[in-house]
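Chemist: Copied straight from Swiss-Prot:
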type: BINDING; residues: Ser15, Lys16, Ser17, Thr62, Asn87, Asp102, Tyr216; note: shikimate binding site
type: ACT_SITE; residues: Lys66; note: active site, proton acceptor
type: BINDING; residues: Gly127, Ala128, Gly129, Gly130, Ala131, Asn151, Arg152, Thr153, Val154, Ala155, Arg156, Met214, Gly238; note: NADP(+) binding site
Amino acid sequence: MTDRYAVMGNPIEHSKSPEIHRMFAEQTGQAIAYERMRVPLEGFEPAVRAFFASGGKGLNITVPFKEQAWVLVDRRAPRAERAGAVNTLLAEAGRLVGDNTDGTGLVRDLTVNHGAALQGRRVLVIGAGGAVRGVLPALLPEAPGEVVIANRTVARAEALVELFADQGRLSAVGFDRLQGPFDVVINGTSAGLAGELPPLPDDLLAPGATCYDMVYGDQPTPFVRWARAHGAAMAVDGLGMLVEQAAESFLIWRGVRPESAPVIAALRPE
């Protein structure tokens, strides 16, 4: 019997998730089917209920439905509770359970795949939207020395600092007050895809700095290009994060963690 899984979003046509989970299934010998489901903007809850009522086993949720999924579930994993968003759903004893694997995906890609150190480091996070809130519950337990959240609207960054104040040394700042150097810089804005980077000072990076863009593309993103031009020792995009968060979802659903490296290599453009 083949178990059914899917990713729900709108738009969804460009999602790599079916390809990723197909490779995971082949690698681990799991019998699953995984599809894309484009859900009407007003039809998220009925689509989720219908999927599980028809025997579906698990869902990934992407934009714009992650916050709706957080509200919809009967129970949330602790990291999803703090994230304010859910990207992984499963049914347990008739109840809908929500988790968030985005932060774990980011941290595993940084530390396991790229060998970056976070403990004791000065970390800058650019942006204060849902993507950033989603990864802080996994980033902060890595014990960075300091985390600075920079955003055009400082009040949004301050709200995140208040929300996670018990998790470590955090501060909020506008781009006009940004002072380096930072050991790790994470871009959590989608503006990077459009080529519109926030105004970043030339002396932002410490020697040996790691720069990470949570978005990815077939070409180096504007932030990755900026990082390389400003002397980053390592500058990578978020393709590995995509694969690692999928691997974490697969582990939740199937009880086995697939190998991410061959999947990342298969997806990376030549």
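Cβ from N, Cα, C; glycine included.
Give me the local environment of each listed feature.
Modeler: Taking all protein chains in view, 27 other C-beta atoms sit within 10 angstroms of the C-beta of Asn87 (shikimate binding site). In the three-state DSSP assignment, the secondary structure recorded for Asn87 (shikimate binding site) is coil.
Secondary structure at Lys66 (active site, proton acceptor), taken from DSSP and collapsed to helix, strand or coil, is helix.
According to DSSP, Arg156 (NADP(+) binding site) sits within a helical segment.
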Chemist: Within 10 Å of Lys66 (active site, proton acceptor) by C-alpha distance: pick out those among the binding-site residues Ser15, Asn87, Asp102, Arg156, and say none if nothing qualifies.
Modeler: Asn87
Chemist: For the C-alpha pair, I'd like the distance in angstrom between Gly238 (NADP(+) binding site) and Thr62 (shikimate binding site), rounded off.
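Modeler: About 15 Å separates the two Cα atoms.
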Chemist: Taking the Cβ of Lys66 (active site, proton acceptor) as centre, how many other Cβ atoms lie within 10 Å?
Modeler: 24
Chemist: Hey, does DSSP put Ala131 (NADP(+) binding site) in a helix, a strand, or just coil?
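Modeler: SS state of Ala131 (NADP(+) binding site) = helix.
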Chemist: Cβ neighbours within 10 Å, counted over all protein chains: which one of the binding-site residues Ser15, Ser17, Thr62 has the most?
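Modeler: Going through Ser15, Ser17, Thr62 one by one, the largest Cβ count within 10 Å is at Ser17.
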Chemist: Measuring CA to CA, name the entry from the binding-site residues Gly129, Ala131, Arg152, Val154, Arg156 that ends up nearest Ser17 (shikimate binding site).
Modeler: Ala131
